[in-house]
Each structure stands twice: as C-alpha cells, then as structure tokens.
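Trainee: Sharing the features that Swiss-Prot gives for it:
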- D478, D484: Mg(2+) binding site (BINDING)
- 545-604: domain 'KH' (DOMAIN)
- 614-684: domain 'S1 motif' (DOMAIN)
Amino acid sequence: MRLEIPVGERAIVLETGKLARQAGGAVTARFGDTTVLSTATRSEEPRPGATFLPLSVDIEERMSSAGKIPGGFLKREGKPSEKAILTARLTDRPIRPLFPKDYYYEVQVIGTVLVADQENPYDVVSMVGASAALALSDIPFGGPIGAVRVGRHPDGGFILNPTYQQLEESDLDIVVAGTKEAITMVEAGAREVTEDVVVEALEVAQGVIREQAEAIERWAAEHGEEKQPFEEPGENPFVEELRGAYLERIKEGLISTDRRARHEAIDLLKEELVEGRSEEEVPLVLDALAQLQKEAFRKLYLEDRKRTDLRAFDEIRPTTAEAHVLPRVHGTGLFTRGETQVLSSLALADLGLVQRLDTLEPQTTKRYMHHYYFPPYSTGETGRLGPPRRREIGHGALAERALLPVIPSEEEFPYAIRIISEVLESNGSSSMASVCGSTLALMDGGVPIKAPVAGVAMGLVKEGDDYVILTDIQGLEDHMGDMDFKVAGTRDGITALQMDMKITGVSAELLKEALEQARRGRLQILDIMREEIAEPRPEISDHAPRVEVIQIPTDKIGLLIGPGGKTINALQDEYGVNISVENDGTVYVAGVEGMSVKAAVSAIKGMTKEVEAGDIYVGKVVKTTNFGAFVELTPGRDGLLHISRLAPGKQRVRRVEDVLNEGDVVKVRVLEIDKQNRISLEMVED
C-alpha cells in the first residue's frame, strides 16, 4: 500500500505491507532517494511498576545507506552518532504528548536509515515515518502528526524540505511538527532572523503539517490495525478526599523563591499524608498529592495570576554575568540566573584538531564544538557519571546552534573552537544559561564573534482560551507547565529555537506572542552581559596557541611536505610548531610561542618562494664536482656555483675542494635561471 503526500514541488512517499511485516506498524518513508524504515511496536503487557510512558525512540544509521564502510578496526556501526541521537529526540518529542495518560505498555519506535542520498536530510523523513507507523499499528495514539522543514531563499521566499545545498544558502532552518489541529514541536537554527520571519515560517509549516496528518489519518483508517482497547484509570478516590483540606496548603507550599524550601514543604506534607496509611493506600495518596500539586499550580497561575516565586509573568530572575573567572583557561564565563548557574570554558587549538565526522551527511568536519555537562550535584542529588546522556547531547547541540551564526569564519579566525558548559546549579533553563555563559567565554577569549548571543526559556500555562506566557521559567514551571520554549538570539534576531509541548499543541498566533515576550527578555539579559564585557577582547589569551596563515603556490606543496613528510616534520621539530597544509596551498602554522611561529612562517616563505635573478641566499654545499659546487637554496632546490666563480676576480681555481667542501655554508647570488629552470650562482663576499 502506497501513499504520496505533496510537500511543495515534491512529495514524501509512504509504503507499508512489504517490509518488517511482524512489527506492530511498519512504514518505508522516502523523500528524494533518502529512505527510512520506521517501525512501532508495543509490549504485550504493561511494564510492572511504571509511573510514566515507557516510550523509546532510536535511529539506526547504516553506513551502507550512503555507500560507505564504517571506519575503525571493526568496520561496523558502533554507538549512535550525535546526528542519530538528535534525530531520535526530534522524533520522540512531538509524539510523546499524544499517548493516553497512564499508558504503561512499552512502546518502541525505530527508524532505520536505508538510503541517505547526500541531498535530502533524513530527520524529517524519520518523523513522518514514525507518525505513520504508529497510526497504522494497534497502539493507542492521539496523532498522527506531520513534520516539515522550512528554509528560506536569499530572496525571502520559503522552501519546504530544502536540500543540504539549499540550507547552506538559507538564513533559516526550522523543523516543525504537529497534529492537524496545532503545532506540538519546533526546532530551529537561524542567522539572526526576526520574530516575524519565524511566525511566517510556522504558518507555512502548519498548513503542510495539516495536510500530512489528514492524509495519514485517512490511510491508517483504510489500512491500519484496530486500536488496542485501553481505558484510562478512573479518578483516584483520595484526590477528592484531600482537595478540601490540603489544596490551599499545597498552593502556599509552592510559593517560595527557594527551590529547596519548596521541596521541604512538600516533603513534610507527604510525611503527614502517608502517616497511618496502609501499604496499599500510600501510592494512591502520593499520586493524589501529585495531582493536587498540579491543580494548585494551575489555580495559582490562572486564577490568582501569581508565580511561585512571585515574579511578574514577563520578569527574569536576578541575573549576574562574569567573564575571566579562571586563570590560564583561554576564556571563561560564569552566568547565574536565579538558582541556575553555568560555567563555560573556552579552548582554542590549531585546525588540525577540528572534529572529523564519519556520518551520513555531506559535512565532514566540525570546527566549532559545544559540549554540555549536567552533573548530579547541580540539583543537589547523587547520580552516575559517565558518557553524556541524550539530554546532555541535545542541550549542547542547541547551545552550539545558537552561537554558530556569530562564530567567525576560518579565514577570519583560523582556530578550532571548543566550549564546555558545566552546569553548577540547575533550576530551569540551563541550556539557555549555557548560551549566555558561552558568549561570555568567547568574548573573554578574544574570539571576534559577530555579536553577543543570549537565551531565555519561555513557558505556558493554558486552560481552554485562558493562558499565561512565562518568561525565564524555573524547574517547577517547566515540570508543571504546558510548554518549554527556548529562544536564543542577538539584538538583531533569532539564532536558535526549541519548543516542546505537553498539551496537544498551540497556534502560531500564541507562539508569536511568546516570541515577542522572549525578545524583550533576551534584550534585558544582553544588557546585563554588556555591563560585564561589551565586546571581544582585542587579543587571545597568552596561554592560547598562536596561529598564522600563509598562502603558497600549489606546486610548492610537495616541496613543503617533502618525501614521506620529511621536510614538514623537520620544520615542526625544529620550531616546535604544528603545520597543516590544504590542497589550495593554504598553510596553517600553530604553536604556543609566537616567536617560534613567526620563525617557522619565515622559513616556509623562504623555501616556497619563487627563485629570481638577483636573490641572495645563504645555503649549504650539498655536492661538489669537477666543474663546480651545488648549493641548496631551499629544501629540494639547488643552484650551480661554477668553478670559474669560486674565487674573486679572475683568479683561477684548479680544484673545487680547494675552496669549498660538502657541508660548507656559503653566501651566493642568483645570476640567472635558464629555460630548463637551472639556476646559476655566484659567490657574494661578506
């Protein structure tokens, strides 16, 4: 069975019934030649003891899909790439809110990349495929969803599902997902576009999403499985019992500027409520308390028009920004907003340390990297340390995307750049604090960024047509609210967006209002950062490596490298520098000592310079013959000093060795270069 859904001038093609027929639902989704097999399967029984939806979404990249063999000794795929993890998160986020409440069956969604055509990204294809697989399966699901990427032509027109090449030229890369009624997820990177451009893109996307969702819904009604009967559990009897006596007290307990004090108040209430209860009643009482907390929270915001920390809805928390907080590190920034604190550190290196990518995408290197760390102590807890979790990878990628548009080009700043953001305290919006801390670190390190970038997380509490939009949400507002909408940008425009919904979606009009409120908050934060450091420092840190860039003729590349790398290795050893050469003749020379770098550059210029008549060299005699001596002017380039020119005046020299021997150093002038590129020399007296 086949379904073709138009997307702009092209179409996404869905097929089912041929591959993976034992999966709960299986769809092959194709756009261009990029093809993803999406499957959705559930367990036969609910997971024992589950208190949340046990949904897992994974992306399996197969290097054969791009005609490649994996690198490394094993020559097979290993752990998921960063792109696979980010695509799994992108697929997970819009579908997770659409499962029934208290649905505890294990649900596994897998997207296997079968073809990566190097032209069309596979992430949106995976999202649409996953939606269709769930719709066809017997799994209860409040979708289907649609998904589309929107780019922008240089002339301002929008492009639906742009190619990699079109994205290179686009100032907007926004992925939007949602149901036929509303938007449920947004993920975007941009080059300082205005809020109006983003809203226009959302409106364009919403129309495409509606068409996709309706088409998949009709297709599933015709070809899908009958949905698993599932009745949501009835009302917890303890909710009504506790509401009258405790709702106001819970609401009072939520009001505090101190996260720990709020937790302690709720913990005391828990102890009081479970005291004297039977073993069977305790989990029901705790569940009732959790429900009443959410109810109290919503009453506080929608009826009392108050926040738990008593800020105005558009007010940011007390904020401080500090630059240069650590010695020797190439650049540092400490950003504190309320009970969220992030320390960002900059490391600069020569371009030999750019990240090499072995992925399904055309991009093969990454020069600017941002890594985010979230240790357990940041929330006052214990926990495991180890490889980064998906959340850390996702938050790091978002902060990286927010800053990428202002990072100077390789020609302007020939360094590999790595930022690490260490979350020291967390009570909401740590990824946006990472953006702010990273901006401080970059400017402190003398990286000539185009403009400072700040970020703020927006929230929403909504019941029917009544809603409040929140600026700079803290952890409780993220947990109990309906939206987490992160917005980063400069004074001139947006550089990154990420939105996740816990309700079934919001309109583009509401998001427009949230974007404007976010813009005002972002400008306040940028003002605070500007008071600490207004622009990048004029020089990089004394402890950072020095990099100089020179251009040599392409026909001199072999001369610089030498046989088996002999010449370039000798230069690196002699001057204590790293030298890398590009195919176009660009040479990067990096070292800790500036004088050593300059000396190495001088040597490279000398050896790769075109020899011209009249040039004077100090060279070593490399060979003597009965008619003269050969003098090395530059590595691999010799000239002949004829025996007749070994002595001053017309004095005759009978044997070359009477004047010069191999290994002697002599000062010579270039007399001429003949048509066969042979060089004639004469002695120069000191």
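Backbone N, Cα and C atoms are what each Cβ position is placed from, and that goes for glycine too.
Situate these features within the shown structure.
Mentor: Sequence-distant contacts of D478 (Mg(2+) binding site), defined by Cβ-Cβ distance under 8 angstroms and a gap of at least six in the same chain, are G428, S429, A457, G459, D484.
Per-residue confidence over the domain 'KH' (545-604) averages out at a pLDDT of 90.
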Trainee: Just give the helix, strand and coil counts over the domain 'KH' (545-604), going by DSSP.
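Mentor: Reading the DSSP string over the domain 'KH' (545-604) gives 32 helix, 16 strand, 12 coil.
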Trainee: If you count Cβ atoms within 10 Å of the Cβ of D484 (Mg(2+) binding site), leaving out that atom itself, what do you get?
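Mentor: For D484 (Mg(2+) binding site), the count of other Cβ atoms within 10 Å is 22.
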Trainee: Should D478 (Mg(2+) binding site) be counted as helix, strand, or coil on the basis of DSSP?
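Mentor: For D478 (Mg(2+) binding site) - judged by DSSP and reduced to three states - the answer is helix.
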Trainee: Count the residues of the domain 'S1 motif' (614-684) that DSSP assigns to helix (H, G, I), to strand (E, B) and to coil, and report the three numbers in that order.
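Mentor: Each residue of the domain 'S1 motif' (614-684) counted once, the result is 6 helix, 37 strand, 28 coil.
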